[in-house]
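Enquirer: First, the structure itself, so that you have it in front of you.
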Amino acid sequence: MPENFGYISQVIGSVVDVSYRYTSGGLPKINDALQITHSNGKVLIVEVQQHIGEDTVRAVAMDSTDGISRGMKAVNLGRPISMPIGNQVKGRLLNVIGETIDGMKCLSYENTKSIHCDPPKFKDLSTSVEVLFTGIKVIDLLAPYLKGGKIGLFGGAGVGKTVLIMELINNIAKKHNGFSVFAGVGERTREGNDLLREMIESGVIRYGKEFEEGMRLGEWDLSKIDYEELKKSQATLVFGQMNEPPGARSSVVLSGLTIAEAFRDQSGSDGHDVLFFIDNIFRFTQAGSEVSALLGRMPSAVGYQPTLATEMGKMQERITSTKNGSITSIQAVYVPADDLTDPAPATTFTFLDATTVLDRKIFELGIYPAVDPLNSVSRILDPNVLGQEHYDTAQKVKQLLQRYKELQDIIAILGMEELSEEDKLVVNRARRVQRFLSQPFFMAEAFSGIPGVMVSREDTIKGFNMLMNGDVDYLPEQAFLNVGTIEDAIEKGKKLTALT
């Protein structure tokens, strides 16, 4: 097959125009990948986004355009960007175009899958409703996650979204033996490094004993990696970090999703229930808005791209459960200036089955995870799915916390003394409930000094029922902070009482 190529006619930032005026081949299709080779042999992949006139295409670069000039040859690969799939990607770190970035041996690209593909057909979708319990009290009780659903973690800067995502990866890998794909979208490179180290330490990614012993001594010797052990890893990481151009940041979600789909759709009994983590979905939107103006689109509200809902919908529609397996998506959503009405988080809301909202005021109280129990919702908080006892307990907790919220204005103006005895009891009990919604995390052990815990649904319901019934009103408030079960709170209460 003859090589189909054009010549670069214009470069503006990360957008490249390629002219086919003087070549015999036809124009590449939308989403086709073009390959540009520098004089030093370095390869740049660009993705076709628009046809301009009869003989020019406009493409978005997946890496820096430094060193690119007019007149350079751009070869049409005749296919979209494709990701390597199969067991070979377990435990590996990849970039947006499927290249390894972990310094280990290269992958085979014989078995690949396009990052642009259609969602599953309607007849292949699964309709079963199953709960994914996380071992985190506040989530399992008040906003439980649907297996195969889409979950959003909403919060401003620095309230704990990434720590919560890392805890969920750890808990679900341990509890459900699930496979995880993590897409790092426009976040700090340091966080990606921390995540990899945490995953190696917790056994989610397996580099082998010899490497792990060296890592504990401060070494990072890739020659010590056991590749047989690596194949037993339970996660793949795909990164398009904040120092990369917007093309990479907007497409890396699709790259990660493609790998997750491949694991879900494996034939026979190998079909997986996959967890797909995105940190941060806002950066996907932000990258799209950066590229949008360069592509000549008129910006819409607050400067976002006019195609925001379309781009989000295309991606979210692919995250679904089939009869062969499921993809449960957990998406961190940065909320600009803590404003949930901003178009980016507001558009994301419409696709989700459950939302976990992290609140700065709760964070400032020292309650971690800083989940807002009144704003966090789930469509499966239903007695037909969870059972009557779970549903009743959750509703009682929410009613108590709502009443406490209403009383806070009165307390701020008049003080506790002006409340009725009944309202004083509500306040004292609600403060205990609020603190009992906190929990020590495995991923925070290093800086909190408190061992992490997973709490079963039964223990969670039992603990909150005892709180609501007043069985533990005699314990000091501090006894309920950063404990797992109600038994842990009683034990801590005894120690605190003994100290006083």
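Placed from the backbone N, Cα and C atoms, the Cβ positions cover glycine too.
What Swiss-Prot shows for this protein is this:
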BINDING   Gly155, Gly156, Ala157, Gly158, Val159, Gly160, Lys161, Thr162  ATP binding site
Enquirer: From the centroid of the CB atoms of Gly155, Gly156, Ala157, Gly158, Val159, Gly160, Lys161, Thr162, the recorded ATP site, which same-chain residues not already listed sit within 8 A by their CB, in sequence order?
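Expert: Along the chain, the qualifying residues are Tyr334, Leu358, Phe363.
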Enquirer: Reduced to three states, what secondary structure does DSSP give Lys161 (ATP binding site)?
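Expert: Once the DSSP labels are grouped into three classes, Lys161 (ATP binding site) ends up as helix.
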Enquirer: Under 8 Å between C-beta atoms and at least six apart in sequence, can you list the same-chain neighbours of Gly160 (ATP binding site), or say none if there are none?
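Expert: When sequence neighbours closer than 6 are ignored, Gly160 (ATP binding site) has Leu358, Phe363, Tyr368, Pro369, Ala370 within Cβ distance under 8 Å.
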Enquirer: Among all chains shown, work out which of the binding-site residues Gly155, Gly156, Gly158 has the most CB atoms within 10 A of its CB.
Expert: Gly155
Enquirer: According to DSSP, which kind of secondary structure is Gly156 (ATP binding site) found in, if we only use helix, strand and coil?
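Expert: The three-state answer is coil.
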Enquirer: What's the number of neighbouring CB atoms sitting within 10 A of the CB on Lys161 (ATP binding site)?
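Expert: Counting Cβ neighbours of Lys161 (ATP binding site) within 10 Å gives 25.
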Enquirer: Taking the Cβ of Val159 (ATP binding site) as the reference point, list residues of the same chain whose Cβ is under 8 angstroms away and which are at least six residues distant in sequence.
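Expert: Same-chain residues close to Val159 (ATP binding site) (Cβ under 8 Å, separated by 6 or more) are Leu358, Asp359, Arg360, Phe363, Ala370.
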Enquirer: Judged by the number of other CB atoms within 10 angstroms, which among Ala157, Thr162 is the least packed of the binding-site residues?
Expert: Ala157
